[in-house]
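> Pulled these from TrEMBL:
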type	residues	note
TRANSMEM	B:12-36	transmembrane segment
TRANSMEM	B:48-69	transmembrane segment
TRANSMEM	B:114-136	transmembrane segment
TRANSMEM	B:148-171	transmembrane segment
TRANSMEM	B:183-208	transmembrane segment
DOMAIN	B:183-282	domain 'Copper resistance protein D'
TRANSMEM	B:220-240	transmembrane segment
TRANSMEM	B:270-290	transmembrane segment
Amino acid sequence: MKTIIFAAALTLTTSALLAHSNSNETTPQEGAIVETVEVIELRFDMPMRITVITLTGPEGEVELTRETGLEPVPEFRALLPEEVVVGGYKVDWRGLSQDGHPMQGTFAFTVGD
Amino acid sequence: MEGLSPVDGWAVFAISAKAAGYAAALVAMGGPLFIATFREAPEEVLRLARRAAALAALLGLVVLALRLGIRSARISGIGLAGATDPMMLGLVWDSPLGTAALWRGAGEVLILGLVFRSTLTLAGGVLGALLVAWSYTQVGHSLGEPRWLLASLLGLHLLAAAFWVGALAPLHRAAGRVEGVDLLHRFGIIAGGTVAALVLLGLTFAWLTIGSLGGLFGTAYGWMLIVKLTAVTGLLGLAARNKLRLVPALAAQTPSAPSRLRRAIRLESVVVVLILMATAALTTITTPPANL
């Protein structure tokens, strides 16, 4: 039952990525297993103003350095620290689309061998 | 379900505030439209229309301020503290909601003037109603393409809706008075045209943003629209019954007619609230298929 609820919640949240400013493109991709990660990227069909982005890893929140400011952009970039530990990571973001709608989304990836 | 945004406590709060804002805007816009159309109505009814519009305009201004805070909280990700965060509020103010808030605020202030009875304040009120309708075309789904067609459809849809919703309280008052029959009868004739326009404008807007049966039955937006249309159908049924049965019964001085008509108008108001809640959900947590 928990799995179903989790899957439903995940479907709901990833669908937010599609809303208003279409986006199904992230780096790393949703569910990807990568050896290492240096940058988080979000791509949208229409410019999006990203107001908040957080990265949570196995050891808690990871500090991101925003390369993109608060201006509306079709592609958002934020850099990670040089050393990232192995494990599961989750990105949460919020923003404002061009038509004024508040937007949010989340995706997860794994750093491992 | 495709095109459904995450629904958290803040989203529910945002929907409720938006629906309250819709109700306030429609009653505020509808007041001057009602007074300008039915200048011969009993003075007591016109006074109620003026007061209801001014009160709704005041409520609208409060809700507007609240909504800027709610949106700021939603994009901040830090909850209540985000509602007063100057940077987040600044971003919301720079967004289309800020532009819409300026026009709507100006319109609602003009409508406030209706507390004073004069031709000048009425002209200001009608201008205010147009500004409030205009404000809604500056934000949200009507910013899609074809931009000016969507904006025109929405603006006129809102004016037609306001003419109906803003008339409910004055008509409720008129239904309790013998000399109110003429007013109710005239409203029924005019509303026949404005309600048809209201529905046609809304359906055209929906057709442009949905575009296919798959969009209607395959998306959250489509399903929420079906919920809204179901309630609208119920409202049309109530209105038709008032026009075809209860108003003629009132004219024939049937003893039970005033109370039955007044009860029917109160029920109409309840259905309007449901429609506004569905509309607020439609414009807050769902994405038009045309944008997917």
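Glycine too: its Cβ is placed from the backbone N, Cα and C atoms.
Automatic, uncurated: that is what TrEMBL annotation is.
Since we're looking at a predicted model, the values are computed, not measured.
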> Relative to the transmembrane segment (B:12-36), which of B:114-136, B:148-171, B:183-208, B:220-240 accounts for the most Cβ pairs at distances under 8 Å?
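Ranking B:114-136, B:148-171, B:183-208, B:220-240 by Cβ pairs under 8 Å to the transmembrane segment (B:12-36) puts B:148-171 first.
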> Counting only residues 6+ away from its ends, which parts of the chain sit with a Cβ under 8 Å from the transmembrane segment (B:183-208)?
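Residues packing against the transmembrane segment (B:183-208) from afar: 37-38, 41-42, 45, 142, 146, 149-150, 153-154, 156-157, 160-161, 163-164, 167, 171, 174-175, 225, 232, 236, 239, 242-243, 247, 250-251, 261, 290.
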> Any residues 6+ beyond the ends of the transmembrane segment (B:220-240) with a Cβ under 8 Å from its own?
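For the transmembrane segment (B:220-240), the nonlocal Cβ contacts are 1-4, 191, 195, 199, 202, 206, 209-210, 264, 267-268, 271-272, 274-275, 278-279, 281-282, 285-289.
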> Restricting to the same chain and to residues at least six past its boundaries, which positions have a Cβ under 8 Å from a Cβ of the transmembrane segment (B:270-290)?
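Result: 3-7, 11, 14-16, 18-19, 22-23, 26, 140-141, 144, 165, 168, 208-212, 214-216, 218-222, 224-225, 227-228, 231-232, 234-235, 238.
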> Could you give the number of helix, strand and coil residues in the domain 'Copper resistance protein D' (B:183-282) as assigned by DSSP?
91 helix, 1 strand, 8 coil
> Would you mind giving the whole-number mean pLDDT across the domain 'Copper resistance protein D' (B:183-282)?
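Overall, the domain 'Copper resistance protein D' (B:183-282) comes to a mean pLDDT of 96.
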